[in-house]
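Feature annotations, reproduced from TrEMBL:
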- 1-310: domain 'Hcy-binding' (DOMAIN)
- CYS211, CYS295, CYS296: Zn(2+) binding site (BINDING)
Amino acid sequence: MEKLNNGEKIVVAEGYIFQFERRCYLKAGPFVPVVVLERPDLVKQLHHEFVRAGSDVVQAFTYYSHREKMKLINREGDLEKMNRMALKIAREVADETGTLMAGDICSTNLYDPKDPKKNEAVKQCFVEQVQWAVEEGADFIVAETLSCLGEALIALEVIKEYGNGVPAVITLVVHGREHDEVNAYTLDDVEITEAMKRLEAAGADVVGLNCARGPETIIPLMEKIKKSGVKVPLAALPVTYRTTKAEPTFMRLTDPRTGKKLFPTDLDCAMSSRSDIVEFGRRCDEIGIPYLGLCCGNSPHYTRALCESIGRRPPASKYSPDMSLHCIFGTDDKLNTFLTKNAVDRIVS
Ligand SMILES: [Zn+2]
């Protein structure tokens with residue numbers, strides 16, 4: 001938080017669930033990160049890949065490792081083990097790389113704004129995960145993809161009460177209303193800038209949005225939040241898909257060919273380009289968003305592009321593109337001019 005208060009930026013790689021689903025180590029649908037138990041080596045490797053690509057934070061892969069999800073797949077008995085393993089791996093990588101380690105809690109899927117009796121179960125989900133995160137040495141705690149302000153306030157209250165003083169980063173997910181770009185509300189019907197202000201007033205150290213919206217449709221909301229006068233540092237972590245004004249979230253995206261919904265396993269055809277990510281980084285810079293990152297869909301090459309968009313050269317930039325050496329588009333003297341000069345029009349025009 002010191003970094004953020006000094007005006008420095010923090011880049012945070014999220015998106016582990018979708019990344020491991022694409023690698024076939026967890027199931028779309030329940031989206032429970034069993035890969036932590038089954039292949040901890042791969043989780044460790046992905047953390048390293050994201051740090052190499054420029055992430056300043058190793059976010060423990062405890063997304064959806066909460067009691068409700070573990071019940072759903074009949075593995076409640078593995079709950080603590082899975083959380084502690086994920087946290088230990090993250091701590092290890094953070095120590096090895098000199099980065100920060102974040103504990104991670106997320107929407108419990110238990111919350112119901114019309115049924116306050118459920119609040120206690122929601123709270124208990126958060127309490128155990130926050131306690132484990134603190135015991136395993138988290139530098140701060142992220143509460144993410146919360147679609148109701150009420151649930152976000154419970155998460156924040158738990159971090160304040162059980163977090164041993166570590167900072168709280170709270171990011172809401174805005175599912176939005178169709179054809180309505182900026183008048184966004186939480187699922188418990190709180191206007192988004194109002195929700196941010198209430199989180200700030202309740203003591204959140206960083207507030208913002210993550211998930212659901214792609215770079216193009218998260219930016220107008222972030223601008224609105226910035227203009228509303230929230231004073232704590234802002235966070236923006238979109239999904240890496242080409243959401244649009246008409247389809248502002250990745251759950252709404254449809255296939256331009258078939259008209260069918262893309263979520264979750266056909267989203268590939270709507271992936272952001274690296275240039276989209278660079279543009280997102282540039283816009284965050286303009287607006288003044290210091291905590292930036294990428295959520296579902298993220299991969300090391302996107303995180304690297306984001307870092308480079310704000311003038312960084314992480315270790316992975318060693319292999320950033322150099323088209324001057326390309327066999328057809330290149331300009332280097334050693335290249336065969338038959339391809340670069342004589343045949344280039346026949347190949348690409
Ligand atoms: Zn996401």
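Numbers run from 1 along the shown chain.
Cβ atoms here come from the backbone N, Cα and C positions, even for glycine.
Shown in sequence order, GLU14, GLY15, GLU144, THR145, ASN210, CYS211, LEU237, PRO238, VAL239, THR240 are the residues of the chain, 6+ apart in sequence, with a C-beta less than 8 angstroms from the C-beta of CYS295 (Zn(2+) binding site). Within 10 Å of the C-beta of CYS296 (Zn(2+) binding site) we count 26 further C-beta atoms, all protein chains included.
Other than CYS211, CYS295, CYS296, the residues of this chain whose Cβ falls within 8 Å of the Cβ centroid of the Zn(2+) site are, in sequence order, GLU14, GLY15, PHE18, THR145, VAL173, ASN210, ALA212, LEU237, PRO238, VAL239, PHE250, LEU294, GLY297, ASN298.
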